[in-house]
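**Q** First the structure, which I've put down as structure tokens, then a few questions once you've had a look.
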Amino acid sequence: MADACTCAIAGSGCEDQFTQCGIPCPQAFPTSAYDLAVTYGVPVVCFMALFLIIGLLTILRVRGDPENFFVCGRSLPLFVVTMTLASQSLDSSGALGNVILSYKFHFWDGAVLPIGLACCLFMNGFFLAKPLHQMNLLTLPDFFKRKYGYIAEVCACILCMVSFIFLLAGNFVGTSTLLGFLFNIDQDSATWITAIAIWAYTAAGGLFSVAYTDVLQAGLGWTGILVGSIYAFVHFGASPDKGPAYPYGDTPIVWGGMRDGDAYAPFPNAIMFNWSTIFVLAFGNLMALDFQARTFASRSWQVAKWGNILAGIATIVLGLFWSFVGGTARKLYGPQSPYAEFRVDSCSTDLELLNPDGTITKGAASCAEWVFDPNGPLKMFTNEFPPFLGAWMMISIVAASMSTADGAILALSTVASHNLARKLGGWFGDSKNLLTLTRVTTIIWTVVAALVATFNADPGALLIVAFDCVFAGTVVPLFAGVYWKKTTPNAAIASIVGGSVLRGILQFALPKDGSLVLLGPTTAKAYGPSVEDVAQCVQPRLQDWSGVDSLIAPAFSLFLIVTISLFERSCAKGDCLGGFLKRWRTPTDEMKPPGEEKELAGGMSPSTFAGDSPPLPGSPTKSGKYSDDTDV
């Protein structure tokens, strides 16, 4: 058996796997490439084409009106708002990334994604939907312009755009991973195919195309997740049975996983990272351009509020179902499945090994570490599920990915053209060119995100990074602008910049070895080389502070905004910087209409940076309205 295995999988490490650890070589995946492409790939491509056609047809609804393109004329009803918001949260990161994490580790490692996203929707519905909708905003950075001035607006734009480039990349990865698996093409090629398809209909119809396709994608995706999850539970269960990899068996949920660092001992528990993930997604997503675009596009603030709340319920229910499916994948394609591959020479003196005669050996100088297969869940859907249901699951993943990617492209282009490019004046500042400019910039952001996706193919990680960017510096000023009227523009700017810069510093300053395990009194002993006796395994002590940096940065942002706002009460007119760049630090809510404003010492008039173009978006006009306001 050893010779046959070695010959069949030469150079794969299988020889060591069998001779040193006595573990049989992995069986070949039974489904042929032809079956994958025809049975599963063709339906996926057909539905992608359907989404593309629907999106392209919505160009008829835009009729050249930027407001129709950006916020659907602020006309979306409750069921559309609910489905589009939930579609944004149940993207490929929240769906495929969720399954992959719960398959690779355990239930909570995947479940933290939908839990965090659902918490965000609840908070947005209860605390922000009404005040933001009533401000009649076109984009979220408009809020920072209204409350804190142009500098804060530009800072918020940059952070939001960086965030959404990572979010868009993560969703490109979701669909491209599936296309690469089904058609046996390389990941990079699949990424560009995905990017082109989603870009085409987004650029055509704007938020109308996004909303209409989201409804269909949500219908297919939600039902697919629900039906597939139920099938997996009934036929396979949600956790591995007792065996060599799990001497005492496993359970679908380890209830102490979110409160006990040793809940999985002798295996690691990334409890600190998981809690920080919930906070990052719950608060960071409040700065999600796509979430808030749907809030602004709602028919009324009541629709915006309840759309967020209902979408949060759908997210947590369907997302947790999806997390259980990861346990099924771990049972069928995990470390004790016939398809498992192992890496030898990992070691843990605390690991208990189940011998063939039923006895247990505590500790081993040389044992085997399971090599995680990122395609494990996809193999389960295409090999263990009935073909119709397996294809439905594939379509659900694609629908989840496309429903968020299109919104991300639109959000990036809207902010870039409306909040940044218009400040250049001339052709860029002319409102008549806004729609054309936005459609052109969709190409730029699609290409940038696709390039990021080719360098990082982990959708779950990209999701967390995306909202870590904005959680660090912009969430505190967002809440302060709504609920603390004494916040000063200088404090808000310092809060945005200070929190973001500190987050970047901590990313490289804190030790991170990739284990995601923060050392503790017993966890250090229960996992790997961090034991008192390291004679059998000479390796450095594990140390990973991932997640701590994500929580320190927004706390520092809060400290800055409170202390500076309170300090500036002692300054003349509440502004310790006086006339320095006064125009750029003045909230547009407080600006005088053109022709009536007074020149401010050291300040800049709109003509300084907008030429003879119309008033900047968000600036008050002679009629008393803001230039980005519209009648509802």
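Along the chain as shown, the residues are counted starting at 1.
Any Cβ shown, glycine's included, is placed from N, Cα and C.
Quick paste from TrEMBL:
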- 586-600: compositional bias 'Basic and acidic residues' (COMPBIAS)
- 585-632: region 'Disordered' (REGION)
- 40-62: transmembrane segment (TRANSMEM)
- 110-129: transmembrane segment (TRANSMEM)
- 150-170: transmembrane segment (TRANSMEM)
- 190-212: transmembrane segment (TRANSMEM)
- 219-238: transmembrane segment (TRANSMEM)
- 272-291: transmembrane segment (TRANSMEM)
- 303-325: transmembrane segment (TRANSMEM)
- 389-413: transmembrane segment (TRANSMEM)
- 434-455: transmembrane segment (TRANSMEM)
- 461-484: transmembrane segment (TRANSMEM)
- 491-510: transmembrane segment (TRANSMEM)
- 551-567: transmembrane segment (TRANSMEM)
**Q** Do the transmembrane segment (389-413) and the transmembrane segment (461-484) share at least 3 Cβ pairs under 8 Å, sequence separation 6 or more?
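**A** Contact absent: fewer than 3 Cβ pairs fall under 8 Å.
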**Q** I'm a bit unsure how to read this: which one of 219-238, 272-291, 434-455, 461-484, 551-567 has the highest number of Cβ pairs shorter than 8 Å with the transmembrane segment (110-129)?
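**A** Counting Cβ pairs under 8 Å, the winner is 272-291.
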**Q** Are there at least 3 C-beta pairs under 8 angstroms linking the transmembrane segment (551-567) and the transmembrane segment (303-325), leaving out pairs fewer than 6 apart in sequence?
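**A** Touching, no - the transmembrane segment (303-325) and the transmembrane segment (551-567) miss the threshold of 3 or more Cβ pairs under 8 Å.
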**Q** Taking 3+ C-beta pairs under 8 angstroms (sequence gap of 6 or more) as contact, is the transmembrane segment (491-510) in contact with the transmembrane segment (219-238)?
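**A** Contact criterion not met.
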**Q** Take the C-beta pairs under 8 A between the transmembrane segment (150-170) and each of 272-291, 434-455, 461-484, 551-567. Which stretch has the highest count?
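**A** Stretch with the highest Cβ contact count: 461-484.
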**Q** Cβ pairs under 8 Å with the transmembrane segment (272-291): which stretch of 219-238, 434-455, 461-484 has the most?
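**A** It is 461-484, which has the most Cβ pairs under 8 Å.
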**Q** Which sequence-distant residues neighbour the transmembrane segment (461-484)? Criterion: at least 6 residues beyond either end, Cβ under 8 Å.
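**A** The answer is 91, 93-94, 97, 113, 127-128, 131-132, 143-144, 147-148, 152, 155-156, 159-160, 162-167, 169-170, 173, 277, 279-281, 283-288, 452-453, 492, 495-500, 502-503, 550, 553-554, 557-558, 561, 565.
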**Q** Can you name the far-off residues of the same chain, 6+ from the ends of the transmembrane segment (219-238), with a Cβ under 8 Å from a Cβ of it?
**A** 47, 83, 86-87, 90, 95, 252, 314, 318, 321-322, 324-325, 327-328, 331-332, 381, 384-385, 389, 392-393, 395-397, 399-400, 403
